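If you check TrEMBL, you get these features:
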{"type": "DOMAIN", "residues": "10-385", "note": "domain 'Major facilitator superfamily (MFS) profile'"}
{"type": "TRANSMEM", "residues": "12-33", "note": "transmembrane segment"}
{"type": "TRANSMEM", "residues": "45-64", "note": "transmembrane segment"}
{"type": "TRANSMEM", "residues": "71-92", "note": "transmembrane segment"}
{"type": "TRANSMEM", "residues": "104-122", "note": "transmembrane segment"}
{"type": "TRANSMEM", "residues": "134-155", "note": "transmembrane segment"}
{"type": "TRANSMEM", "residues": "161-182", "note": "transmembrane segment"}
{"type": "TRANSMEM", "residues": "203-227", "note": "transmembrane segment"}
{"type": "TRANSMEM", "residues": "239-257", "note": "transmembrane segment"}
{"type": "TRANSMEM", "residues": "269-288", "note": "transmembrane segment"}
{"type": "TRANSMEM", "residues": "294-316", "note": "transmembrane segment"}
{"type": "TRANSMEM", "residues": "328-350", "note": "transmembrane segment"}
{"type": "TRANSMEM", "residues": "356-375", "note": "transmembrane segment"}
Amino acid sequence: MSEQNVSNVGVFAILLTSSLTIMVGTVIAPSLTEISTHLGFAQNPGWLITLPSLGVVLFAPFAGKLIDRKGSYAMITWGLIPYATFGVLGIVLRNPYLVIADRLLLGAATALIQASATGLIAQLFKGGQRLKLIAWQGMSIELGGVFFLSIGGFLGERQWYYPFFIYLMALLCLALITFFVPTTKKAISAPTESNPQPVSTNILRVVLSAALAMTLFFVVFVGLPVYLPTDFQFIESEIGYFMALISMLAVLSASQLPKVVLWLGEAPTIVLGFIFFALGLLIFSLTFQTYVLFIGATCMGIGFGCTIPLLNHMTLQESNLHNRGKNLGYYSMGVFAGQFFSSFVTLLFTDIRYSFQVSALLAFLVAASLLLIHITRNKALKAQS
């Protein structure tokens, strides 16, 4: 299947480990109201979901440099133990400042896992196989969302702290990586800091697009635990199942990504994703009918499937052996910065519906801007030829 003959169990190990990145915040989402009360965040519960994202943003540049120097295999194993430790510590911490520190350090471990998992795929797979594995990675992340949200809601109904034990799954991932994923060669030494490679414009555009896509996607994930019980009388398990449905729809969308890219091209596919984000957010902001919520969920799932996995692949396309870790670190910063900024969007208004409307407008503006850039670049290329 790859140059180093990775077994199916090895592929499963990488994909399962990748799913931990969506779990870092969302595993507590269905029980967020009760958990925030016990941890002293009743006034700002969304911070418990997004603080790990801030940790990723702060530590991702260092994670990228470590990957370039030590290799993806070493760094993914280094990240899994602190992930499990800081994740489960939330059960015993009561001081808000200690909770903040714990969630930030959990984000630091996530930064290592996020970039290293993609780095392993880049090292072990090439060409079309790599794009397929990147699509599978996006699917596994959202499948993780399906599982973790469902089980998180189920466990949270029994005891508020039970969802924290799910973080211990990182230890299972460590065992699978150790025994079934071949050790990759140490990364080629990165250029010295006295002569660093500049970040390309294309990478900056990809990182910004990833940040915007995740902001829009996570506005829903942060807003739904408040919106669904107040406006639709959902209980915790129903919130978890509905959010899991969005993740499942994202999985189905990501599974078709290679075909869509072949048909439309990369840039139009991303534009399409932002259009679906806009439609989904607009539906959530306007509807008072439960069945219409499922149309909005479908749009959000398609939006994710058309953006995040493809932007991840584009990051690898713009990278080489010297800067791959650094660029993946920047990509992780973009993804998790978007998750973190989503909290600010939901805090803009007391009524979450207004936050959804503003986010829908932002999604339409981003889609229009990216389409304009794509058309302009195509005209310039035709003029040169």
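The backbone N, Cα and C atoms fix where each Cβ goes, and this holds for glycine too.
Taking every listed stretch (45-64, 104-122, 161-182) in turn, the largest tally of C-beta pairs under 8 A with the transmembrane segment (294-316) is reached by 104-122.
When each of 104-122, 134-155, 203-227, 356-375 is scored by its Cβ pairs under 8 Å to the transmembrane segment (328-350), the top-ranked stretch turns out to be 203-227.
With a cut-off of 8 Å between Cβ atoms, the residues of this chain six or more beyond the transmembrane segment (239-257) that come close are 22, 26, 29-30, 135, 138-139, 142-147, 149-154, 156, 220-221, 224-225, 228-229, 269, 293-294, 297-298, 300-302, 304-306, 309-310. Outside the transmembrane segment (45-64), and at least 6 residues removed from its termini, the chain residues within Cβ reach (under 8 Å) are 24-26, 28-29, 32-33, 35-36, 39, 75, 79, 99-100, 103-108, 110-112, 114-116, 218, 221-222, 225-226, 325-330, 332-333, 335-340, 342-343, 346-347. Sequence-remote contacts of a segment are chain residues at least 6 beyond its ends whose Cβ falls under 8 Å from one of its Cβ atoms, and for the transmembrane segment (104-122) they are 14, 17-18, 20-21, 24, 51-60, 62-64, 66-67, 72-73, 75-76, 78-80, 82-83, 86-87, 130, 133-134, 137, 181, 184, 312, 315-316, 319, 324-325, 328-329, 331-332, 335-336.
Here the transmembrane segment (134-155) lies next to the transmembrane segment (12-33) in space: the count of CB pairs under 8 Å, restricted to residues six or more apart, reaches at least 3.
Through the fold, the transmembrane segment (203-227) approaches residues 25-26, 29-30, 32-33, 45-46, 49-50, 239, 242-243, 246, 270, 273-274, 277, 280-281, 284, 300, 303-304, 307-308, 311-312, 314-315, 318-319, 327, 330-331, 333-339, 341-343, 345-346, 352-353, 355-356, 359, 362-363, 366, 370 of its own chain, all at least 6 residues removed from its boundaries and within a Cβ separation under 8 Å. The average pLDDT computed over the domain 'Major facilitator superfamily (MFS) profile' (10-385) stands at 86.
For the transmembrane segment (12-33), the list of distant contacts is 6, 45-46, 48-50, 52-53, 76, 80, 83, 87, 90, 106-107, 110, 113-114, 117-118, 120-121, 136-137, 140-145, 147-149, 152-153, 155-157, 160, 163-164, 166-167, 169-170, 172-173, 176-177, 180-181, 221, 224-226, 229, 236-237, 239-240, 243, 247, 339: same-chain residues at least six beyond its ends, Cβ to Cβ under 8 Å.
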